[in-house]
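Okay, structure first, notes after.
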Amino acid sequence: MQEHPITTSILHKGLGSLLLLLAIAIQCALLTLYGDLPLSITLVDSLLSIALFAVAGYYLWYVQCTLHIMQARVAFAVLVQIACIAGCSILLQIFGLEDWEEFSITIPVRFLFGLMAWIILSQWYASRERKSEAEPIVRQMEEKTAPPPTTVPEEILDRISVKDGARIHIIPIKEIFYLQACGDYVTLFTTSGQHVKEQTMKYFERSLPSPEFVRIHRSYIVNTEQILRVELFGKETYQVRLKDGTYLRASSAGYKLLKERLSL
């Protein structure tokens, strides 16, 4: 799972806090003008609304990293707006600040403002994801143009050992379908099932034979012998379908590297 861009950067934390304050001010102004409500009420209303939105927006990063179908993303965005509006309405009625009649008048402006902010946040997350996906590809290109190392290169793997309790599995690399990053671990998907290895994707990227194995995404290294076809999936996004029916996401940079390795 990729690291959240907000929690890993002090700058992003600061900018995020400022943007939340700006969003509160904008929604407060909209509700005051559109709903003809007292400023004190709209301020509390906006604080609750943006707080709910901020929680949902934080977890959007993890959803966006796993949910790649555009229709599903749109449906999720609409559901989040409905949930935030409903949650805010319930809280306001519990506190006795607004009744349903007053609240219902402002639903259209709440929905449109929330959806617009959601789209902006989603696009920013997408740009961060594309940048993180391109980093390993850039490193690979730099390594190709760098002078040959003077040290002895790492041994290319022909099998991987995985400890499972008291047992140790020896997995020939030809039995691997693909590898997926899982935090500090890597999951190997093989003919015998899934195996978790305490190792990094960067290590496997260097140690698995090329062009048999290609890193097509920040989260995936695929065995090219298991690829059935590659499909365009959205703007600058590709899907790699394996022979067992699995679909893997490939970044545009990963797709270019795959074409290069396969001499296509």
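Keep in mind that glycine also has a Cβ here, set from the backbone N, Cα and C atoms.
For reference, TrEMBL has these:
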type: TRANSMEM; residues: 15-35; note: transmembrane segment
type: TRANSMEM; residues: 41-62; note: transmembrane segment
type: TRANSMEM; residues: 74-95; note: transmembrane segment
type: TRANSMEM; residues: 107-126; note: transmembrane segment
type: DOMAIN; residues: 160-264; note: domain 'HTH LytTR-type'
Could you pull out which residues elsewhere in the chain have a CB under 8 Å from any CB of the transmembrane segment (41-62), counting only those six or more residues past its ends?
1-2, 4-6, 20, 23-25, 27-28, 31-32, 35, 80, 83-85, 87-88, 91-92, 95, 97-98, 110, 114, 117-118, 121-122, 125
Should anything in the same chain at least six residues away from the transmembrane segment (107-126) have a Cβ under 8 Å from its Cβ atoms, list it; otherwise answer none.
5, 23, 26-27, 30-31, 34-35, 49, 53, 57, 60-61, 64, 73, 77-78, 80-82, 84-85, 88
If you average per-residue pLDDT over the domain 'HTH LytTR-type' (160-264), what number do you get?
89
Which residues of the same chain, at least 6 past either end of the transmembrane segment (74-95), have a Cβ under 8 Å from a Cβ in it?
44-45, 48-49, 52-53, 56, 60, 63, 67, 103, 107, 110-111, 114-115, 118-119, 122
Using DSSP, how many residues of the domain 'HTH LytTR-type' (160-264) fall into helix, strand and coil, respectively?
23 helix, 55 strand, 27 coil
